[in-house]
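In TrEMBL this protein carries:
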TRANSMEM  A:6-25  transmembrane segment
TRANSMEM  A:37-64  transmembrane segment
TRANSMEM  A:70-88  transmembrane segment
TRANSMEM  A:117-135  transmembrane segment
TRANSMEM  A:163-180  transmembrane segment
TRANSMEM  A:192-219  transmembrane segment
TRANSMEM  A:244-262  transmembrane segment
TRANSMEM  A:274-301  transmembrane segment
TRANSMEM  A:338-363  transmembrane segment
TRANSMEM  A:383-402  transmembrane segment
TRANSMEM  A:408-432  transmembrane segment
TRANSMEM  A:439-457  transmembrane segment
DOMAIN    A:677-890  domain 'Histidine kinase'
Amino acid sequence: MLSFNVVIAISLCYVAILFMVAFMAERRAMMGNATWLYSPLIYTLSLSIYCTAWTFYGAVGYAARSGLEFATIYLGPTLMMIGWWWILRKLVRIGRAQRITSIADLVSSRFGKSTSLGMIVTVISVVAATPYIALQLQSVTLSFAVFAQSNGHVWRDAELNATAMWVSVGLVIFTVIFGTRNLDANERHHGIVMAIAVEAVVKLVALLAVGVFVVWGVAGGPSEMLTRIDASPITLWDHNGGRWISLLFLSAAAFICLPRMFQVLVVENADERHLAIASWAFPAYLMLMSLFVVPIAVVGLDLLPTGSNPDLFVLTVPLSQGRDGLAMLSFLGGFSSATSMVMVATIALATMVSNHIVVPIWLSMRPNQQAVMSGDIRHVILLARRLSIAAVLFLGFIYYRVSGGGTALAAIGLVSFSGAVQILPAMIGGIFWRGATRIGAAAGLIVGLTLWLWTLFLPSFGADALISQSVFDNGPFGLSWLRPQALFGISGLDPLVHGILWSMILNTGTFIIGSLVSFPTPLERLQGAQFVNIFEHSAAAPAWTNAAAGAEDLLIMAQRIMGSTDAQAIFEREATRQGKKGYLPEVTPAFIELLERELAGSVGAATAHAMVGQLIGGSGVSVEDLIAVADEAAQILEYSNRLEAKSTEQEQTARALRDANAKLTALSIQKDAFLSQISHELRTPMTSIRSFSDILRDGEVGGDAQKRYSGIIHDEAIRLTRLLDDLLDLSVLENGQVMLNEQTGSLSALLDRAIGGAGLLGSNLKIVRTPEVDDVTITTDLDRLVQVFINLIANSRKYCDARHPRLKISVFDRGSHFYIDFVDNGSGIAADNQQLIFEKFSRVADGSKAGGAGLGLAICREIMRRLGGDITYLPGQYGTAFRLRLPKKKLKNTLGEL
Amino acid sequence: MGKRVLLIEDEPNILEAISFILSRDGWTVHTHEDGETAMQKVVGFPPDMIILDVMLPGRSGFDILRDLRGTDTTKDIPVMMLTARGQEKDRELALRLGANHFMTKPFSNAEVRDHVRNLMEA
């Protein structure tokens, strides 16, 4: 007999293995060499979270109680998968195009990025998922108890509760670690998905093993098994047609409405084509899972004493035959089913709670731009997600305690399913019917939720628990037409069929009528057209016009949400696409649209829209903008898209020509200007030198004045020399062949050297460094690099106007390059001047203060070019910021030719 | 009490040098370093003569000259322009705009003194 401690130890080992698997998948994905993570096989296996502990243990119990009805739970998703072309494909396409993060986000986004709809769907999802999570906790707890009891010790409630609590705590930890690593909910959770795939295999193998044992080990072969089945009472159940149809509908609808299924089907989908393979592979998986359900149920009923819980046959049948190893495997299968479901469900729900409830409330408490510009939104969201994960599991635990763990597994599962499918009308209507409106969706959802709570959820606790027996019999306040299981006086129906029928009919009816009588806002129409016609045109009409926000403000906001690396990458890519240098693109409506979609991947459509709106100043889409999309056929749209593409092309050619022309003109003007600049820079110190040397020669002054004037002559002569040096240096760098003296050295030591050489003595500039990061070895022309460092540090010393000037030097390893950022806390450089500062003689501040000729940054730029890297101004840092990019590989040739 | 000259120039060393030369020659020298506010300074304190640099922070010497010549109270004040750019077209522009003399940096002290004297006597 397995001792209970051995069971605990094996479970912990199993969790540790899962942890390793998740961790390694996460690592591999981060290093970018994990294409197998995106395979259709992993996708199909991840869908198996549909098969929870309810399916693993409960299906057998279901079969033992109600015969073949259990098969509907497998048939529903099978129908949905086989018909994937019509619904699933559309959902996945929309999910990817709109960067949808959850089912709440889908509904909210479709109906004009509505915050309130997001909240309603989130509430429905959380309430509906709570019993289901409780169910998983219950099944894990019961399976632990089986082992304890088989050792002759019967668990008391306290021990059951403690086990359930420890399981919840463990799940919270695992989920927080692997589920909230990325803020971008639209990004895939590789670790979790991999762990789920492993668990999918374990539970299938476990169930098949028990099945094979039952058929060949206990019954003695397939034909004997069939005889036993014929003789068993299972086949005697009369089949209720209404229940069959209801259950088929319920499981098919729940398959796409459950937040966790939406998460794996749509959000974690890496490639639309995976659906095609999953459309037969997943039904095959379900078929295997259901293959031995009836045999196990029949044998269980035969072998075990009457009154034993059929929900645990999968575990108790092997145990009763002394097959400890098999029982252990079966236990791990059940454990896998429960944990994988809970992890994905809590991630999905936590994303919804944080994006649709916490962040909107947090934003509404800060009603101006400050909200999106300051404070670290990332931290707020991540914290919200982590707390939500804990809260969702805690709710499940509470439900488990309150419901007493007594109800049959299958019954709880069905109640939960029927709650989730209340979202179905709004979702399906949203993606197929352009006339659907927010008002209609909200009204339908609320009616559906209310009816579900009244007819199914509250009664699920049993009579006299939350609803007294008299209400069941006579209705509330004696209103008999409101009896929870006989609404409008129609009694005699199965309670489940009754609840589903009424809630779905009234939900759908309200949704349709509400949509017909209300008028959609422009944004709703726009989103509606994009959702319904997702296959006809992917280019969207701009939802923003007359954008007034500065690119830099948008960048600051994006950095707060996505982190600086990702945000800068998006801005840089767009700037490059527009043919601009640096990080700041033109703020076009198309760019705002793109940015909003990227942000939506982190915080959901409604919140992203609200945040962008706060910066842009509410100049959202107008009715006129919509004329193009509002009511025409798809062809017109496609035509106009093509037209747009063509005019973009023409515009690009024209721009290229204009640029070339401007460059030529500028070149000759530049040459002129350059010469007269040089003249000015040389003549100015010479003027002082000549005047004061005249004065000294005349011999009229003596003493202090004489000393002072010769001092001026000296300083000006040095200024002149330095200027000539710089000019020579620059001219060689720009035109000549530069001998690069390639050496290998420590970046950290180079920075030390530069800080020493930047003349900081007597200045109060404070240098902040990250020595643990900048301690890397580089191979390049070290002296030239130090020259650049010195220039940047000296610039900060001269220009940083903060009361306590501080310069932060940070080093990043970015694969093929090192990034070295110099960011000070001064007032920064205005966007207009950010490109200009690299030009020769361009001083933004006035010359006398700078004491240089304005060649420093031009020289830096040339040096970095020679070293194979570059220097750019880094906007959005609240100060002056430069980024050096230095290639890791050796220089191609030491002459540094360009 | 000597005549008043206003020196508009942003390089502190050059300011000091010219001030020294002219004070020694009996002038009362006033200085101003900013192009933007130069016009107000002139109008509020009409000097007998102005020495005006071309490259000033805020506003160019040419623009100031144009304003000086367009304003009744200042249109007759003699103006000598200084530049370090040394291009012929700058000289032409200065004279066309009404400068009385145009001098390229660097210059000898005697040159400055003599031209200022000449302008006052003319």
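Glycine too: its Cβ is placed from the backbone N, Cα and C atoms.
Mean pLDDT, taken over the domain 'Histidine kinase' (A:677-890), works out to 81 on the 0 to 100 scale. Only pairs six or more apart in sequence are counted, and the transmembrane segment (A:192-219) with the transmembrane segment (A:383-402) gives fewer than three Cβ pairs under 8 Å, not enough to call it a contact.
Per-stretch counts of Cβ pairs under 8 Å to the transmembrane segment (A:6-25) identify A:163-180 as the leading one among A:117-135, A:163-180, A:274-301, A:383-402, A:439-457. Sequence-distant contacts of the transmembrane segment (A:37-64), counting only residues of its own chain at least 6 positions beyond either end whose CB sits under 8 Å from a CB of the stretch, comprise 25, 28-29, 70, 73, 77, 132, 135-136, 139-140, 143, 188, 190, 193-194, 196-197, 199-201, 203-204, 206-207, 234, 255, 260-261, 264-265, 268-271, 273-274, 277-278, 281-282, 285-286, 289-290, 293-294, 296-297, 300-301, 309-315, 333-334, 337-338, 340-341, 344, 408-410, 412-413. Counted over residue pairs 6 or more apart, the CB atoms of the transmembrane segment (A:338-363) and the transmembrane segment (A:383-402) come under 8 Å in at least three pairs, which marks the two as touching. Across A:163-180, A:274-301, A:408-432, the stretch most heavily in contact with the transmembrane segment (A:383-402), judged by Cβ pairs under 8 Å, is A:163-180. A Cβ distance under 8 Å defines the sequence-distant neighbours of the transmembrane segment (A:274-301), meaning residues of its chain 6+ beyond its ends; these are 39-41, 43-45, 47-48, 50-51, 55, 59-61, 63-64, 68, 70-71, 74, 77-78, 81-82, 84, 88-89, 92, 200, 203-204, 207-208, 210-212, 214-215, 218-219, 225, 228-229, 232-234, 308, 310, 313-314, 316-317.
By the count of Cβ pairs under 8 Å, the stretch nearest in packing to the transmembrane segment (A:244-262) among A:70-88, A:117-135, A:163-180, A:408-432, A:439-457 is A:70-88. At the 8 Å Cβ threshold, with sequence separation of at least 6, the transmembrane segment (A:439-457) comes into contact with the transmembrane segment (A:117-135) through 3 or more pairs. Of the candidate ranges A:70-88, A:117-135, A:163-180, A:117-135 contributes the most Cβ pairs within a distance under 8 Å of the transmembrane segment (A:408-432). Within the same chain, residues 52-54, 103-105, 107-108, 111, 258-260, 341-342, 345-346, 348-349, 352-353, 355-357, 360, 392-393, 395-397, 399-400, 403, 409, 412-413, 415-417, 419-420, 422-423, 426, 438, 441-442, 445-446, 448-449, 452-453, 457, 460, 604, 606 sit at least 6 positions outside the transmembrane segment (A:117-135) and bring their C-beta atoms closer than 8 Å to a C-beta of that stretch.
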